[in-house]
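In case it's useful when we look at the structure, here is the feature table from TrEMBL:
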- 134-151: transmembrane segment (TRANSMEM)
- 158-175: transmembrane segment (TRANSMEM)
- 161-323: domain 'Sodium/calcium exchanger membrane region' (DOMAIN)
- 195-215: transmembrane segment (TRANSMEM)
- 227-251: transmembrane segment (TRANSMEM)
- 263-285: transmembrane segment (TRANSMEM)
- 306-323: transmembrane segment (TRANSMEM)
- 354-373: transmembrane segment (TRANSMEM)
- 354-492: domain 'Sodium/calcium exchanger membrane region' (DOMAIN)
- 385-412: transmembrane segment (TRANSMEM)
- 418-443: transmembrane segment (TRANSMEM)
- 455-473: transmembrane segment (TRANSMEM)
- 479-499: transmembrane segment (TRANSMEM)
Amino acid sequence: MSSPLLPLLLVLYKTTHHHENLLVAASSRDSTLASRARTAPSIDSHIHPSAYLSLAILAARCAHRGGIEFDLVVMEAAAAMEAGRKLAARHPHGRSRTAHNMSSSSLRKKSDAALVRKVPVAPLRPLLANLQEVFLATKLAVLFPAVPLAIAAQCFRFDQVWVFALSLLGLIPLAERVSFLTEQIALYTGPTVGGLLNATCGNATELIIALFALLKGKIEVVKCSLLGSVLSNLLLVLGTSLFCGGVVNLGARQPYDRNQSDVSTALLFLAVLCHSAPLLLRYAVAAGEHSVSATSAAASLDLSRACSFVMLASYVAYLFFQLKTHRQLFEPQEVDGGDAGDDDEEPALGFASALFWLALMTAVISVLSEYVVGTIEPTSQSWGLSVSFISIILLPIVGNAAEHAGAIIFALKNKLDITLGVALGSATQISMFVVPLSVLVAWIMGVQMDLDFKLLETGSLFMAVLVTAFTLQDGTSHYLKGILLLLCYIVIGACFFVARQPADQDVS
């Protein structure tokens, strides 16, 4: 009878992709142990090489006692140990790239070092190489001129519509560069700090716009822009990705890991509950079914702040779950024919340089966000669109264009785990972190912002989460799912288009 420790050997080989021969050998001797080995949890990539050596020695002893050919096991164990050494060398901090990082990386391009080497002044070459990596190593570099143009338009008092449009365009490459810089910092800090940094800066644009809108007392802009970001990720981004991926990979199977989507949708349902509670309380009090000690508005505000603490606590638990205890659930799955060199990435910038550029990019995003918030109402009047429609539809589409494009690109490559990580991860981050943080920051600022997003907005959020959860329940995708999500987004967009027209426009 085979040794009960034999599955340990098979798990080791499963993580290094050298397990096929032993799996056959084990299955021929004990099908139960082989079945257990197939379903055993994989070993994390941050295991030290010495652990591989210990497991290899133990595995050889187990195989010898179990009757498996000793030479074969030793040879396979040596290969596994060597793979462990290479894995540890490639990931000195145990780093694993998040879906956000991989999505943004699809829009990057390699810098041409030959151009820098042609500069005759040698001391300038490192500086020029740094600038080239920051500003030119992206496919969105063509949009960088919009940043100084937006600042110039504001300084020289051009039409407010031009300031709004140029600021939105300038935010696109800046958001992509922030993702790039956080990944560069994560290469030095390790997966936990890098993951926390990505969790904080992943939706920096939405957070900064919300803060500036709160400073100006534009609570409606804050609510609509954050709601629009969630709806855009769940319906527009995910729908477009599933549709395009389904059409391009029409004859291929399109699987994805359900574990990640189940966790995200559960958190999104909790967010819907926290958004619905103040709304339901307001209607219950208005209908006379319940009474509150204070006014209905004060009770709704208190309930919203309590729910915000619950949402932030849930998000902290989610981060611990994602970065520590169940990190393997959120690592993009390997796909046959994928880019083998993605994990071998070396830092393109120094730690101090990446930190400096991250601070500078965040400051520029703050400037452009202030321009967007200050010019949204004149733009609304000029374009004949309501502020809510611009905030819910236009701001999220343009502000997250880089991240959305990356999600679609990976869907075209049939890497749906990355696509889901971007769409669901971003929606979860906004609903469970940015929204409650905005409520609590507004409380500190003396602004009375609650979680009552009104009936149409909350109903749209609930339907978006519900449709997305049902769409992702079977673990496979096809183009029809993408079409359904896109049609839901069009219907919701039409609702906000007709619901709030500008005051000077007649609705007939």
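Cβ atoms are placed via backbone N, Cα and C, with glycine included.
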Of the listed stretches 134-151, 158-175, 263-285, 354-373, 418-443, which one has the most C-beta pairs under 8 A with the transmembrane segment (306-323)?
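Per the Cβ under 8 Å count, 418-443.
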Which residue counts does DSSP yield for the domain 'Sodium/calcium exchanger membrane region' (354-492) in the helix, strand and coil classes, in that order?
116 helix, 1 strand, 22 coil
Counting only pairs at least 6 apart in sequence, do the transmembrane segment (455-473) and the transmembrane segment (385-412) share 3+ Cβ pairs under 8 Å?
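The transmembrane segment (385-412) and the transmembrane segment (455-473): touching, no.
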Would you say the transmembrane segment (479-499) and the transmembrane segment (263-285) are touching, if the rule is that at least three C-beta pairs must lie under 8 angstroms and be 6 or more residues apart?
no
